[in-house]
Amino acid sequence: MLIHAAPARGLIRTGRQPVTWATDTKPQAQAMGEPRALTMAILLLVLPMFGQSFYYLLDFPIPYLLSKVWPFLMLPLSIYALVTYELPYKALFAALLAYVLGIAPLMGMLHLGNGFADALATTVKVWPFTHYFALAALLFWLRPTPRMVSRAFIILGVATYVGMWGLWILIPASWYGSDPSVGKLLPYEIERGYRIYMPMFFGILFLFYLARRFCQRWEWWILLLLLSGFGSLLYIYKQRTSILAALIVVSVGIVSSTRGRLRRFLVAISLTAAACAVLVVAGTFFDNVVQSFGGSLSVRLRSIDRAINFLGDDPLRWMFGVGATTRLGAITLADIFNDHQFYLADIGWLGIVFEYGVLSAFLLAGVYLAGLLFTWKTARSSGDPLLRALADYTFFLFLTSTVYSFVFTPGELATIVAFAAYLQRYWASAPVAAPVSDRIVPGRGTNRFFQGPSSRSRHAEALSETHRPSRL
């Protein structure tokens with residue numbers, strides 16, 4: 001007879017009594033008999049929408065338009081989750097949505113001359129924050145096992161690299177272009193040459209998963225896959241900020257998973273490499289480094305200067321922002337600044353302050369920090385490599401926020417936190433595991449220099465196919 005853990009506090013509110021999976025008496029065999037292929041198919045279809053994989057890809061009109069309207073299609077699920085579920089940091093997400101959906105359009109009408117319809121259209125890019133609620137509701141309804149969730153992310157991650165290499169081999173050079181308003185998938189630049197701007201949410205998350213799995217399993221084929229993934233990014237993707245941030249995250253993850261002499265050695269190597277990088281940038285090679293960034297750096301510097309000048313000395317503009325425009329509106333930022341390469345998404349935190357103000361910047365930072373702490377805490381308690389990869393990706397978002405705005409693809413954070421919340425609740429209703437231990441017990445597939453999987457993660461892997469919570 002299985003002994004179930006105590007119900008997770010406040011998971012569901014139905015009337016006055018919280019309802020959890022553990023309170024349902026449906027036979028486990030009946031739950032196991034439900035079709036899993038359909039659940040997996042649904043996950044594979046909807047995850048790219050929740051993760052905003054096609055949100056900026058004009059090259060694929062149907063997925064592009066579907067991605068734009070996805071938050072509104074999922075709005076019933078979002079409202080249901082907001083009213084019914086006690087999700088982590090629900091109030092913080094709701095407060096952020098209320099602020100950016102209410103204040104920013106008003107500021108755009110006051111400072112930029114937007115019409116009412118154009119002002120509302122500028123909120124489209126922040127609606128994906130609602131994916132947190134909608135995806136949580138969908139997961140609680142589908143009830144996928146952790147192994148199914150891992151497989152879905154792995155399949156999408158592998159498909160990202162297979163698709164990228166397929167395009168690289170098959171697409172002729174004549175299809176590449178330099179006008180982002182026509183298409184962003186196949187850009188050509190003088191500095192970086194031909195490259196593919198592939199949606200890399202699942203691709204980079206797959207690298208983090210491989211790194212975490214390598215630290216637990218210590219299997220060299222995993223390391224080869226990890227190195228091949230980074231090689232693909234350097235050779236085809238060529239998005240410097242993302243690649244550098246991913247490399248930092250993987251390095252930190254591997255170092256933190258080691259111990260003893262190996263940890264000290266890796267820390268020394270990392271510090272030496274960082275010092276050399278600083279010397280290279282600050283030394284005689286500085287001009288060459290700056291020149292290698294080419295037009296992208298000059299565009300960002302010009303955008304920063306114009307944004308600061310537009311905010312000026314008015315404290316209210318700095319506090320509440322001045323709003324934004326859309327490329328289809330009657331007036332655009334390109335018209336205001338007479339610059340068709342002015343993009344708020346390319347100037348990081350300044351772009352957030354420009355559009356939403358300092359208050360919103362603090363609120364956004366709070367949401368992302370809450371997501372980072374929650375995923376990190378959940379991953380640490382479970383030891384599951386996917387959960388640790390999700391936590392790594394929130395760290396990755398912080399690193400890239402110096403260049404890419406937090407509101408560029410907010411659906412990524414929403415997706416990560418929703419999965420972390422679901423998996424946390426999943427194991428809260430699972431049979432009681434053995435005591436958690438973060439220290440490795442040497443054995444097959446481990447190494448005395450690495451901290452392997454905790455007892456709970458090994459227990460979780462064994463139960464992921466046998467335990468499935470009943471419907472809510």
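Backbone N, Cα and C define each Cβ position, glycine as well.
So that you can see what the record holds, here are the features copied from TrEMBL:
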TRANSMEM  37-57  transmembrane segment
TRANSMEM  69-85  transmembrane segment
TRANSMEM  92-112  transmembrane segment
TRANSMEM  124-142  transmembrane segment
TRANSMEM  154-174  transmembrane segment
TRANSMEM  194-211  transmembrane segment
TRANSMEM  218-236  transmembrane segment
TRANSMEM  242-258  transmembrane segment
TRANSMEM  265-286  transmembrane segment
TRANSMEM  349-376  transmembrane segment
TRANSMEM  396-423  transmembrane segment
REGION    451-472  region 'Disordered'
COMPBIAS  458-472  compositional bias 'Basic and acidic residues'
Residues of the parent chain within Cβ reach of the transmembrane segment (349-376), under 8 Å, 6 or more residues beyond its termini: 88-89, 92-93, 95-96, 99-100, 103-104, 107, 129, 304, 307-308, 310-311, 317-324, 343, 387, 390-391, 394-395, 397-398, 401-402, 405-407, 413, 416-417, 420-421
Contacting positions for the transmembrane segment (396-423) when only residues 6+ beyond its ends and CB under 8 Å are counted: 47, 50-52, 55, 87-89, 100, 125-126, 128-133, 135-136, 139-140, 146, 149, 201, 204, 208, 241-242, 245-246, 248-249, 300, 344-349, 351-352, 355-356, 364-365, 367-368, 371-372, 374-375, 378-379, 382, 384, 387, 390
Distal contacts, the transmembrane segment (194-211) - CB-CB under 8 A, six or more residues away: 47-48, 51-54, 57, 150, 153-154, 156-161, 163-164, 167-168, 173, 176, 184-188, 222, 225-226, 229-230, 233, 236-239, 242, 246, 249-250, 253-254, 385-386, 388-390, 392-393, 396, 409, 412, 415
